[in-house]
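Shown next, in structure tokens, is the structure this report addresses.
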Amino acid sequence: MTTWDKCLKKIKKNLSTFEYKTWIKPIHVEQNSNLFTVYCNNEYFKKHIKSKYGNLILSTIQECHGNDLIIEYSNKKFSGEKITEVITAGPQANFFSTTSVEIKDESEDTKVVQEPKISKKSNSKDFSSSQELFGFDEAMLITAKEDEEYSFGLPLKEKYVFDSFVVGDANKIARAAAMQVSINPGKLHNPLFIYGGSGLGKTHLMQAIGNHAREVNPNAKIIYTNSEQFIKDYVNSIRLQDQDEFQRVYRSADILLIDDIQFIAGKEGTAQEFFHTFNALYENGKQIILTSDKYPNEIEGLEERLVSRFGYGLTVSVDMPDLETRIAILLKKAHDLGQKLPNETAAFIAENVRTNVRELEGALNRVLTTSKFNHKDPTIEVAQACLRDVIKIQEKKVKIDNIQKVVADFYRIRVKDLTSNQRSRNIARPRQIAMSLARELTSHSLPEIGNAFGGRDHTTVMHAVKAITKLRQSNTSISDDYELLLDKISR
């Protein structure tokens, strides 16, 4: 057993399985008397191993070999190439000692040419703190089977098409823009940036773009992915020394669709790679479509240069659909499932589930499954029984006085201003927003809502709801405020 074999056993005990397999196992250490040469395969590995594991490697070799040694770090594969850095440890060196560093030679990076697919060699199931180099989250596991062929991106799902997307005031602009870029990619709205809360149809629209663009031009190279997969692709290309292939694939797309782009914020390496990918595609007239749960300027940690580029094209929102659209979504979904759903039952479900489309469809499935299991029609009574917990949660969480307090705090006014007769814009607009929220988030009737706002007529509430619905489509500031308030009130 070599000295390095002994060291590996000790190092393995101090690291997670993922760290050991990702960073330590791939390196090769050659010993020549007191000289230990650490071959790190590429510059990324070398820098990360020196900064992250250098002290651990040094102290472990000292423990197994003795203090009088020299450690050399190379950014090459093991084949006797030039050395980049040398660390000399004398008899007094220990784990916490300051080591001397001598730069002997700066090796030129060697490009590795491989086939379009990459062979993954990791079988990791654990993930620890080795994300510092790339900045990816600890929750993102990069797993693969031995010798599994690796391809980039994610498949488009055939069920996500424009015909199955129910259009309403809350999403009609986004849908129209999505259709335009699927027919004429790279001409208008580049990039197309779609934002909105979870479960409101962003992914549906994005994949519908890809599916329709493929119908229009079967030869178009369309790459769909999400930010998590993009990060995994990038990290794996580095681990497998195949960044050229990563760049070739992503930068040769005719249409690039990336879902949940907000998750690259704070991931320095990935963000930089995406920045260059964006520039390459944009300059070549290729279409870029992105989705996020926030408006670009509100994505915390996102580089300013990316925020600026997202503004090159069109930014549109998808909001929670209004009551009529929610009913239409339920009726279409039931029809697609081959089930009959009475209009009044659809209206009941739509009135009581106002969080997002995903939960709306989940409630429908619950009602249809229960009615089928009990050999009953999906009546309002069945829906009431199925959704009683959902309704209780809604009623428990959302009350008009709570809405008034949250809105007043948000706009830094008093609750009594909302119920007063003041008509100044800084009071009237928040009052309209609060009324619209009360209509959307509670089961109170229009007269009840009007009464809670200083005894106003139900027609005033109707006007407020229509005004805010229209403003959310044309005024980004109002739309953003409304979404933030929805989130605050629903917590």
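Each Cβ is built from the backbone N, Cα and C atoms, and glycine gets one as well.
Copied over from Swiss-Prot, here are the features:
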type    : residues                       : note
REGION  : 1-69                           : region 'Domain I, interacts with DnaA modulators'
REGION  : 69-154                         : region 'Domain II'
REGION  : 155-371                        : region 'Domain III, AAA+ region'
BINDING : Gly199, Gly201, Lys202, Thr203 : ATP binding site
REGION  : 372-491                        : region 'Domain IV, binds dsDNA'
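Of the chain residues outside the ATP site list Gly199, Gly201, Lys202, Thr203, Gly196, Ser198, Leu200, His204, Leu205, Thr291, Val318, Val357, Arg358 have their Cβ within 8 Å of the site's Cβ mean position. When each of the binding-site residues Gly199, Gly201 is scored by how many other Cβ atoms sit within 10 Å of its Cβ, Gly199 comes out lowest. Comparing the binding-site residues Lys202, Thr203 by how many other C-beta atoms lie within 10 angstroms of each C-beta, the top residue is Lys202.
According to DSSP, Gly201 (ATP binding site) sits in a coil region rather than a helix or strand. For the region 'Domain I, interacts with DnaA modulators' (1-69), the DSSP counts in helix, strand and coil order read 43 helix, 11 strand, 15 coil.
According to DSSP, the region 'Domain IV, binds dsDNA' (372-491) comprises 91 helix, 0 strand, 29 coil.
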